[in-house]
Amino acid sequence: MIYDHILVRYGELTLKGANRKIFVNKLRSNVKLALMPLQGYTVKANRDRMYIELDEGADIEEMCNRLKKVFGIYSISPVLKIEKTVEAVNELAVRFAKEYADGDTFKIDVKRSDKNFPYDTYALQRTVGGAVLDATNHLSVDVHNPDHNIKVEVRLDAIYMYDQVIEGSGGLPVGTGGKTLLMLSGGIDSPVAGIEVMRRGVTVEAIHFHSPPFTSEKAKEKVIELTRILSGHVGPIKLHIVPFTDLQKQVNKVVHERYTMTSTRRMMMRVADKVVHDIDAHAIVNGENLGQVASQTLKSMYAINHVTSTPVLRPLLTLDKEDIVKKAKEIGTFDVSIQPYEDCCTIFTPKNPITEPDIEKVEKYEIGYDFEPLVQQAVDGIETLLITSDYQSEKDTATQALADDLF
């Protein structure tokens with residue numbers, strides 16, 4: 001079937017009132033950004049839905065794959081726009097039906113927003129269903145659980161027909177909910193946390209703490225790849241890579257071994273707090289999950305949070321690990337996250353870390369050394385990369401150039 005439009009149904013933004021236009025306009029911009037590399041389409045949005053007009057030869061499959069990742073979209077359907085006659089509806093319904101397998105069932109589902117159309121909803125359903133049965137001998141009707149649902153939308157300008165509904169990502173358009181800084185470790189949890197806040201319309205920049213030579217270049221490349229996957233949902237993402245070696249080594253010199261994990265995370269939070277203000281963000285996001293590891297007890301979180309007044313969002317706080325893994329697999333980050341490259345959270349891990357840290361004790365250990373210059377040094381040394389869905393590292397680019405020269 002050759003379609004001429006893609007119908008985009010809005011998600012939660014349909015609940016908005018006077019400010020709905022802001023959300024629709026942002027979603028339209030995000031859709032254009034997602035489709036930008038492709039050709040042969042025009043995006044038209046109104047208050048209730050969006051239509052993408054397709055030129056001949058447009059890559060509908062690739063467009064749908066991109067659109068279903070855009071937050072704010074409830075579902076999409078490739079559709080055909082036809083003239084407002086019963087004959088045209090019958091003809092197209094029969095074309096749909098002839099592609100179905102022997103023994104399949106179908107249903108005709110009509111929505112009629114144009115009340116001046118000469119057939120009411122039920123009369124049109126009966127007429128079109130009868131036309132399909134008359135023209136085929138391999139199908140039967142099932143109005144409760146059909147294999148195929150042929151949908152007919154009678155609107156003021158035309159009739160739109162389709163038989164596919166592709167689930168979207170839901171949520172709100174990214175860019176309507178402020179900006180956050182995502183602490184991206186390289187593990188399973190933090191990319192999922194990033195997706196969850198982006199689903200609520202929040203723009204994300206990411207921060208990663210890199211401690212060479214204790215963490216390898218492979219660990220850095222892993223985080224870049226995770227950011228690249230996330231950017232497939234929202235467009236380019238800034239990744240701030242923090243040189244954390246000196247700060248982490250000093251923590252391990254002056255802080256009691258059982259408290260080094262708590263203190264290390266406090267230093268990360270101090271760096272992140274400065275970056276939040278530099279990029280004009282409004283919160284810090286991490287992938288912490290209550291009780292999952294020693295640093296994720298309530299007392300640990302309290303001790304770590306104590307160094308910042310910036311809100312810290314934890315979208316995964318109460319989820320089971322199995323649910324987080326499932327989400328990671330769905331968004332495509334799981335296989336990257338489990339690559340066995342250590343990050344700065346796993347090096348120098350004490351054998352018996354404190355799980356219920358006393359905030360007065362950790363402050364006592366830290367007060368013996370002025371960490372502020374090292375914190376500022378880490379901020380000043382940040383490397384910022386703009387990661388897109390087709391991002392290639394300098395190493396990858398050089399390798400590709402060499403291959404092109406050789407072959």
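Including glycine, each Cβ sits where the backbone N, Cα and C put it.
Taken from Swiss-Prot, the feature domain 'THUMP' applies to 61-165, supported by sequence analysis.
Annotation note: Leu184 (ATP binding site) sits in a coil segment as assigned by DSSP. Note: Leu184 (ATP binding site) has non-local neighbours Ser190, Pro191, Gly194, Ala206, Ile207, His208, Val223, Leu226, Thr227, Leu239, i.e. same-chain residues 6+ apart with C-beta under 8 A of its own C-beta. Residues annotated as ATP binding site in Swiss-Prot: Met183, Leu184, His208, Phe209, Arg265, Gly287, Gln296.
Within the same chain, residues at least 6 positions away in sequence whose Cβ sits under 8 Å from that of Met183 (ATP binding site) are Ser190, Ala206, Ile207, His208, Met268, Ala272, Ile284, Val285, Asn286, Gly287. DSSP places the residues of the domain 'THUMP' (61-165) in helix, strand and coil in these numbers: 34 helix, 31 strand, 40 coil. Annotation: His208 carries the greatest number of neighbouring Cβ atoms among the binding-site residues His208, Arg265 [cut-off 10 Å, Cβ to Cβ].
Neighbour density for Phe209 (ATP binding site): within 10 A of its CB lie 28 other CB atoms from the protein chains shown. If you take the C-beta of Gln296 (ATP binding site) and look for same-chain residues 6 or more apart in sequence within under 8 angstroms, you find Glu288, Asn289, Leu290. Averaged across the domain 'THUMP' (61-165), the predicted model reaches a pLDDT of 96. Put simply, the two farthest-apart Cα atoms among Met183, Leu184, His208, Phe209, Arg265, Gly287, Gln296, the recorded binders of ATP, are 18 Å from each other.
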